[in-house]
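Visitor: Below you will find the structure I want to go over with you.
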Ligand code: TYM
């Protein structure tokens with residue numbers, strides 16, 4: 001127990017807002033699995049973030065439990081880590097509000113993810129989407145996290161989290177640990193298979209542009225064979241060949257094979273065999289996970305047990321930080 005308390009803390013989360021992609025898996029989940037021995041980890045299903053855009057209630061329910069199953073199937077051990085659902089810990093919403101009152105409209109308006117989404121949804125965006133990064137800051141700061149393992153697209157949200165924490169610490173007194181992003185060297189930005197200048201995203205309109213964690217093997221093979229590449233015809237890790245570079249990254253992260261070795265293996269061979277091998281690597285990585293997800297998802301009692309135990313621990317830690325913050329702000333203790 002003592003040893004556990006001296007471990008550094010990790011917090012991360014994924015939205016249950018759509019089907020998870022290979023980008024989510026390689027940029028976040030696979031990386032989390034490697035960290036669970038060394039750190040005290042909190043892995044959250046961020047349903048409060050998911051409702052910043054409209055969600056069908058029954059789909060949200062299904063996806064929340066599916067995401068928990070995916071966490072476990074990917075190798076996150078529920079006995080060693082705290083797995084929980086964000087809305088089960090009211091301190092996230094409460095601290096979110098308190099931090100909102102310590103955050104400027106201007107800094108939120110500069111967030112690129114907000115700018116992208118507001119462009120896509122026009123006038124129909126919620127105030128929640130604007131305030132999204134503040135809730136994310138609350139998630140992280142409640143647990144006094146040292147590290148936050150995420151993909152590159154979340155880097156700006158980590159920067160604002162640090163700014164908010166520093167501002168609060170300076171205005172009152174040291175309260176929050178200042179967290180660092182933990183971004184993997186490879187796989188932190190898996191690109192769209194049809195347009196490798198964009199990141200792979202579950203919200204793309206074209207299903208051929210992403211691989212889903214739950215895509216059946218034959219779908220994965222078809223999507224990889226249709227990946228947009230180039231007419232150069234040489235397997236090379238180069239910015240001039242973004243499609244090939246992306247497939248090489250995927251192969252590297254899954255198999256551990258270096259880029260030099262991949263280049264050598266496919267010398268003089270064109271793209272067909274290479275694409276085929278990338279597809280097989282993805283299939284052999286995802287197929288066992290899919291089988292486990294399908295078993296877990298039907299065991300509602302097991303899942304309930306995990307998210308309830310997780311929420312209990314998370315509530316305890318989160319409330320400690322929240323009470324401190326409330327006191328410093330000047331609220332009367334209950
Ligand atoms: P979300 O749900 O969009 O994505 C979950 C994680 O997947 C990573 N990711 C990618 N990595 C590599 N390549 C890609 N194409 C790719 N697409 C997504 C994301 O960087 C992320 O790590 N705001 C967060 C959820 C969140 C959170 C938090 C994360 C809420 N509170 C606190 C960390 C800590 C998000 O929308 O992730």
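Any Cβ shown, glycine's included, is placed from N, Cα and C.
Sharing the feature lines straight out of TrEMBL:
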type	residues	note
BINDING	15, 16, 17, 23, 24, 151, 152, 153, 190, 199, 200, 201, 202, 203	ATP binding site
MOTIF	16-24	motif ''HIGH' region'
BINDING	139	L-tryptophan binding site
MOTIF	199-203	motif ''KMSKS' region'
Visitor: Any idea what the Cα distance is from residue 17 (ATP binding site) over to residue 139 (L-tryptophan binding site), rounded to a whole Å?
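Guide: On Cα coordinates alone, these residues lie 17 Å apart.
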Visitor: Between residue 24 (ATP binding site) and the residue listed as 'L-tryptophan binding site', what is the CA-CA distance rounded to a whole number of Å?
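Guide: Counting only the Cα atoms, the answer is 19 Å.
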Visitor: In the three-state scheme derived from DSSP, which category covers residue 24 (ATP binding site)?
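Guide: Residue 24 (ATP binding site) sits in a helix per DSSP.
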Visitor: So which of 17, 200, 202, listed as binding-site residues, have a Cβ under 6 Å from an atom of ligand 1?
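Guide: Checking each Cβ against ligand 1, the ones under 6 Å are 200.
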Visitor: Measuring Cα to Cα, how far is residue 200 (ATP binding site) from residue 139 (L-tryptophan binding site) in Å?
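Guide: Cα-Cα, rounded: 25 Å.
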Visitor: From the DSSP assignment alone, can you count helix, strand and coil residues within the motif ''KMSKS' region' (199-203)?
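Guide: Looking at the motif ''KMSKS' region' (199-203) with DSSP, the answer is 0 helix, 1 strand, 4 coil.
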Visitor: Cβ under 8 Å to the motif ''HIGH' region' (16-24), counting only same-chain residues 6 or more beyond its ends: which ones?
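Guide: Contacts with the motif ''HIGH' region' (16-24): 45-47, 49-50, 53, 55, 60, 63-64, 66-67, 70, 151, 189-190, 199-203, 210-214, 250, 282, 286.
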